[in-house]
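Single-structure report; data block below.
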Amino acid sequence: MSSPASPDELLEQQVKERGVPRHVGIIMDGNGRWAEERGLVRLEGHREGSSSVREVTRVARRLGVSALTLYAFSSQNWARPAEEVAGLMELLREYLEKERAEILDNNIRLDAIGELDRLPRYVRAPLDRLREDSAGNTGMVLSLALSYGGREELVRAARLLAEAAVRGELKPAAVNEEQLERHLWTNGLPPLDLVIRTSGEQRISNFLLWQAAYSELVFAEEPWPAFRTPAFLACLAEYQRRERRYGQTSAQVRGGVVDPTPS
Ligand code: IPE
Ligand code: IPE
Ligand code: MG
């Protein structure tokens, strides 16, 4: 006989039944402070954060989230002390090796967005291998934002559009939202429904600027290393209490007269 469901299991069941967001982005913040509060070096916070990544990925997969985008390293994070940057890159390499089997066994497609050319070879090689080997997986897309910046992404899209125009393949007047989106690193991912930021900070820090135009934002107090299943479920439950209006009125949305989803 199976044991009675724990409160966590019950909440997970409830969240699942109410309909989960298709695409969740997480700004995984607070590793350094978590470590410093415990008298540890910042890197120990990043290391403990890897366990949160594993746990949140598992829950998201179980719940049927289609895409999970994790902000692991921003374009601006290169400006941190060289020792911390090197430690983060090494942890990333370890993550890609240790999680490889679980990602493949669970039908997860691993991808990455950002200026991947800036990553050291010892990260780029296992990253590309796992991207390739998981390319056919259909369960969930786990996208790591690495050397990622929203402004950098938009500048790149503008440049690509300009180049296409110069080549005569695109008329400037034909540039629209769809064209621009096609040149973003997130091309092909579902619309971003929810952005979570941990550690009590309330800002976007250059994460998915275009994509977050109509995302719900949920700010969690837990620093990332302490952000585990219950905290993630609480954020999803908060999302489910929101009403997404996309510029319309509440009555319109509740009446279901007009499909509020932007095209
Ligand atoms: C998030 O934690 C991880 C990265 C930005 C790489 P931080 O390292 O920013 O931790 P805090 O915000 O300094 O506590
Ligand atoms: C955002 O966190 C980037 C990541 C979580 C990877 P930061 O810690 O770099 O952001 P700021 O500097 O506090 O805005
Ligand atoms: Mg931070």
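For all residues, glycine too, the Cβ spot is worked out from N, Cα and C.
According to TrEMBL, the residue from Arg54, Arg197 that belongs to the substrate site alongside Gly30, Asn31, Gly32, Arg33, Trp34, Arg42, His46, Trp78, Arg80, Arg203, Ile204, Ser205 is Arg197. Candidate recorded positions: Asp29, Asn77, Arg203, Glu216. Those with a Cβ under 6 Å from ligand 3, in sequence order, are Asp29. Rounded to a whole number, the C-alpha distance linking Asn77 (active site, proton acceptor) with Trp34 (substrate binding site) is 18 angstrom. Closeness to ligand 2 is met by none of the binding-site residues Trp34, Arg80, Glu216, no Cβ falling under 6 Å from the molecule. The 6 Å Cβ screen around ligand 1 retains Asp29, Gly30, Gly32 from the recorded positions Asp29, Gly30, Gly32, Glu216, ordered by sequence position. If you draw a 10 Å sphere around the CB of Gly30 (substrate binding site), it holds 24 other CB atoms from the protein chains shown. Across the structure, Arg203 (substrate binding site) and Asp29 (active site) place their CA atoms 11 angstrom apart.
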